[in-house]
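**Student:** Below is a structure I'd like to ask you about.
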């Protein structure tokens with residue numbers, strides 16, 4: 001009866017009928033109370049998004065799998081201290097982390113969100129050592145800025161580790177004829193690495209069969225492996241559906257013996273012993289051939305997977321280092337079928353976004369939506385791209401689509417917030433961003449968007465709190481450092497402003513916008529030569545960004561280098577012909593040089609471009625005081 005109930009629960013879980021799984025597992029635990037059965041019930045609760053039930057069910061349990069499931073429940077409930085204690089009991093300092101790679105990955109997340117970055121990186125690296133296919137761990141290392149080059153992570157050592165895992169699982173996990181139907185696939189090339197050492201034999205011996213049966217029993221006893229919720233390896237789950245070999249005989253020997261027993265004994269048949277020996281030899285050769293084919297196919301598969309992960313890994317690593325053009329070049333090396341997937345196209349869109357190439361970013365995100373219409377990956381950034389492009393209709397349509405897809409996703413509410421912010425309804429925009437934070441407090445970008453809206457509303461105190469919350473989630477979230485720098489700049493707390501802009505610059509040294517505002521802060525601190533140097537870097541970083549050229553001209557004016565300032569502004573007109581502030585600054589320069597006709601011309605051109613109301617007032621004031629000397633007129 002117990003086995004039937006367990007099988008029923010597992011079957012319900014595999015078909016996502018969680019209500020039935022929970023009901024039948026409660027019957028199982030009532031009839032056959034044991035910690036192993038409690039693990040299965042906790043798994044059912046977790047898969048049904050009822051972490052609180054799993055938490056109370058497993059509190060105080062001691063088995064390794066129980067501790068892992070309890071820690072996972074705590075993590076989902078944001079009880080990070082309890083989660084850590086479950087994985088690393090204080091009374092057992094040398095205890096092994098339960099659930100292997102998935103356990104180390106979970107512990108890494110706990111360390112990350114408790115601001116222990118070095119410890120987190122160590123756990124993610126250990127996770128990858130145990131399971132090189134746990135991509136989520138490598139992506140977390142990229143986010144932390146601690147990722148090694150993919151060639152080191154997804155290289156020879158990884159290949160040998162994966163090959164060893166599969167060779168050990170071949171007898172039980174792949175079935176006896178798994179590869180027989182694939183004999184007509186793609187030609188088999190050489191081995192993954194020429195110096196990878198001799199092939200591990202996959203002979204189906206009696207000992208390996210017995211060991212596999214023992215491991216299957218262990219896996220089954222521990223309940224379902226929930227590491228998939230964290231992006232963990234699913235190799236262990238293969239054992240759940242294994243084909244159990246009879247103890248004592250290998251498959252090859254068993255078939256051979258059955259063949260001999262199936263024949264009637266005939267004295268008239270010559271050389272019976274010789275024939276039997278020949279049959280045994282033939283069967284052994286056939287078994288060896290099948291082993292060799294299996295081994296070659298596994299090796300080729302490992303080679304292809306790791307090659308793909310090396311390219312994806314390099315693109316991801318470069319993206320989080322904000323070497324965005326290099327990341328784009330790397331993604332272009334992907335096979336067409338992988339490049340045109342939602343995840344890759346979203347990464348491409350993010351890279352273009354960081355390069356301030358909003359048109360290309362919009363194109364990439366639009367293609368991502370076509371490839372994966374219901375994926376929310378990167379849609380928060382896509383909405384910001386549309387915000388910058390002032391595509392209000394497209395942004396409104398995107399926000400509505402995301403809300404209808406998933407009302408409980410923070411990306412949906414970020415898009416809706418950007419939609420209202422573009423319409424200058426900052427109060428409603430803020431409510432939507434706060435909703436995103438409520439749905440996922442670990443979504444750093446939602447905190448930052450809240451900070452932007454608070455700053456727009458001149459609620460600097462709450463703006464700073466929002467930016468600080470973003471940094472608690474992700475200390476490398478440069479947007480939040482930049483936001484804090486902007487608030488301090490507006491408050492004229494210039495030393496603080498410089499510090500925060502410099503922190504953002506250290507994380508993202510390619511951003512011309514960050515460099516421009518860092519230079520502005522330095523100039524305000526009377527460090528104009530340093531400011532000019534950083535402005536030059538910003539101009540070289542992005543020729544299409546008018547801000548650093550304009551700021552450079554401003555600094556040159558303050559240094560009385562008026563001719564140089566005019567040269568910069570004349571060049572800037574080519575890049576930003578409709579920017580009123582350029583003409584207004586040129587008018588100021590001509591006024592200081594007592595060239596009143598040219599000054600009046602440029603002030604008039606500035607007004608023709610319909611600048612903001614505050615700029616209009618400043619320009620008209622300058623025109624009215626055109627003949628007042630600068631020593632008396634201190635207005636801008």
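Each Cβ is built from the backbone N, Cα and C atoms, and glycine gets one as well.
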**Student:** Need the matching range: TrEMBL marks region 'Disordered' on one of 103-139, 140-176, 251-287, 288-324, and I'd like to know which.
**Tutor:** 251-287
**Student:** Identify the region 'Disordered' range according to TrEMBL, selecting from 185-233, 332-380.
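**Tutor:** Region 'Disordered', as annotated by TrEMBL, spans 185-233.
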**Student:** Quick one: find which recorded stretch in 342-375, 410-443, 444-477, 580-613 has the most Cβ pairs under 8 Å with the repeat 'TPR' (101-134).
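**Tutor:** Of the candidates 342-375, 410-443, 444-477, 580-613, 444-477 scores highest.
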